[in-house]
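Trainee: From Swiss-Prot, here are the annotated features:
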type	residues	note
BINDING	Phe298, Ala299, Gly300, Thr301, Glu302, Thr303	substrate binding site
BINDING	Cys437	heme binding site
Amino acid sequence: MAVLGITIALLVWVATLLVISIWKQIYNSWNLPPGPFPLPILGNIFQLDLKDIPKSFTKLAKRFGPVFTLHLGSRRIVVLHGYKAVKEVLLNHKNEFSGRGDIPVFQEYKNKGIIFNNGPTWKDVRRFSLSILRDWGMGKQGNEARIQREAQFLVEELKKTKGQPFDPTFLIGCAPCNVIADILFNKRFDYNDKKCLRLMSLFNENFYLLSTPWIQLYNNFADYLRYLPGSHRKIMKNVSEIKQYTLEKAKEHLQSLDINCARDVTDCLLIEMEKEKHSQEPMYTMENVSVTLADLFFAGTETTSTTLRYGLLILMKYPEIEEKLHEEIDRVIGPSRVPAVRDRLDMPYMDAVVHEIQRFINLVPSNLPHEATRDTVFQGYVIPKGTVVIPTLDSLLYDSHEFPDPEKFKPEHFLNENGKFKYSDYFKAFSAGKRVCVGEGLARMELFLLLSAILQHFNLKSLVDPKDIDLSPVTVGFGSIPPQFKLCVIPRS
C-alpha cells in the first residue's frame, strides 16, 4: 500500500507539472508571433533537426511566416527569417534587441568580455574595445602592413610543403592567428610553435563542438543536462585553457606596463584597469580583461581561418574560377609585388569571389542569439523582455531573389553586367547593428590579401577529381563546419 501511495503521489505530481507547463506555454503565447504548439517541458524540439537547425527554421518560416515563435525547454524563442524582418530587428530596433541571448555552455562568461556579455558592462567594454582596435589599425593601414607581412611568412611556409599533400587547417590558420596576436599581445608565433598549435586546436575543436547536435540540445535544456557527461564539459575546459593563456599574457604585460605608452590592445585594457583600481565597482578587472582578450583572440582566428580553408576547397572544385583569379592577379599585381588593399578596386573578380565564399559557406547561419531588452511591439506582435531572438543570416545569404541559384557557388552574384563588383545589402555575413562583428574590417582585409597572396604564388591541386569534391558541411549548428581535406600547392612558374 505504501508503494502504491508513493506511486500515485508521483503520478499526481508529474501530472500537475505537466498541466502547469501547458498553462504557462499557452498563457505566455498571447500576442506572440505564431508557431507550432509546444509540448510540455520539451517544447518544439521535435520540430528541429539538430544536425541542421537553420534548415528547420527555413521550413518553419514557410509554414508560419517570417516571424515565428518556438519554445525549447523553458526558453521562448522568436525566429526572424528573411531580409525585411532581419534588417528591421538588427537596424530599426537595434536597441530593443541588443541583448545577448542566453548560451548556457558559456554561462560563466555571461557578464564578461564582448561576445557573450549580457551584463551592464557590455556596452562600455564593446565601445572601448572598438576604439582601441581602431587605434591599433583595425581596418586601416596599420593592419594592412601586418597582414602583408604575415602573408609573406605564409607563402614561405607553403613553399616548404614542396608540392606534397598537407592538411591546411593549422598551417593556413597560423596567418590570421598571428595577425590578431600581434594586435592583442604584440607577438607572433612561428608556424611550428607548440603553444600556437595548441591554441588553434582549442579554437578549432570548440567551433566544431558548438555545432554538434549535443550542444544544440544542451543550450536549450541545460537545467536537465548540465550534470551529465558530454561535449559541453569539453568546451568549458577548452575555454578555461584559452582564458588561462590570455590571463597569463595580461599578467606579463602588467609587470612591465607603462601607462603612458601602450604597446598593444592588452596594454590599453590594463591602463583602463589601473585607472579604475580605486573604484568600488570597477569595470576592467583582470577577469574581464582576460575574457575580452579571449573573445577577440578566438573570433579573430577561427572564423577567418575556417573561411580561408573552406575557400581553398571551393576553388579546387572549380578550377576555372581559380584560373580567372590567376589571370586577374597576374594583370593587376604581377608575380612579385605584395598584394595591397588598393588592388581591390582593380580586382572585382577576386572581390566577388571573396564575398561569394562568405555567402556560400554561410559560416554562422543562425547568427548568435539576441535578447529583447524590453517589451517590444514588432510587426504587430508583442515580444516580451528576455525573449531570445534569432535573426537568421542564412535567410539573407541564400535569398533566391537576391542571389539566383543560391545553392550554387557563383561569383557572378557580386558582379554587374559590366564585370564590376556589385555590393548587396543582403550580404550580412558579419551580422549588423549593435552586435555586428567588431573585427569585420580586419577579416575583410585578411581574406582579400591572404587569398591573393596564396594564388599569386601557387596553383591549388586536389587529391581527387574536382567533380568528386563534396562542399557540404559536416555539421551545421553554431557554425557550418567544412569537411577535412588535404591539398597540394604547386609553385607557379
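For all residues, glycine too, the Cβ spot is worked out from N, Cα and C.
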Trainee: What Cα-Cα separation, expressed in whole Å, is found between the residue listed as 'heme binding site' and Thr303 (substrate binding site)?
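Mentor: Roughly 11 Å, rounded to the nearest whole number.
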Trainee: Using an 8 Å cut-off from the Cβ centroid of Phe298, Ala299, Gly300, Thr301, Glu302, Thr303, can you name the remaining same-chain residues around the substrate site, in sequence order?
Mentor: Pro176, Ile180, Phe203, Leu296, Phe297, Thr304, Ser305, Gly439
Trainee: In sequence order, which same-chain residues at least six apart have a C-beta under 8 angstroms from Ala299 (substrate binding site)?
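Mentor: Listed in sequence order, they are Ile115, Cys437, Val438, Gly439.
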Trainee: With H, G and I counted as helix, E and B as strand and the rest as coil, say where DSSP puts Glu302 (substrate binding site).
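Mentor: SS state of Glu302 (substrate binding site) = helix.
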Trainee: According to DSSP, does the residue listed as 'heme binding site' sit in a helix, a strand, or coil?
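Mentor: It is coil.
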Trainee: Which one of the binding-site residues (Thr301, Thr303) has its C-beta surrounded by the most other C-beta atoms within 10 angstroms?
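Mentor: That would be Thr301, with the highest Cβ count within 10 Å.
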Trainee: Taking the Cβ of Phe298 (substrate binding site) as the reference point, list residues of the same chain whose Cβ is under 8 angstroms away and which are at least six residues distant in sequence.
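Mentor: Sequence-distant Cβ neighbours: Phe203, Asn206, Ile242.
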Trainee: Give me the non-local Cβ neighbours of Gly300 (substrate binding site): same chain, 6+ apart in sequence, Cβ-Cβ under 8 Å, ordered along the sequence.
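Mentor: Those within reach of Gly300 (substrate binding site), by Cβ under 8 Å and sequence separation of 6 or more, are Pro176, Cys177, Val179, Ile180, Ile183, Leu184, Gly439, Leu442, Ala443.
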Trainee: I'd like the number of other C-beta atoms within 10 A of the C-beta of Cys437 (heme binding site), please.
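Mentor: Looking across every protein chain shown, the total is 18.
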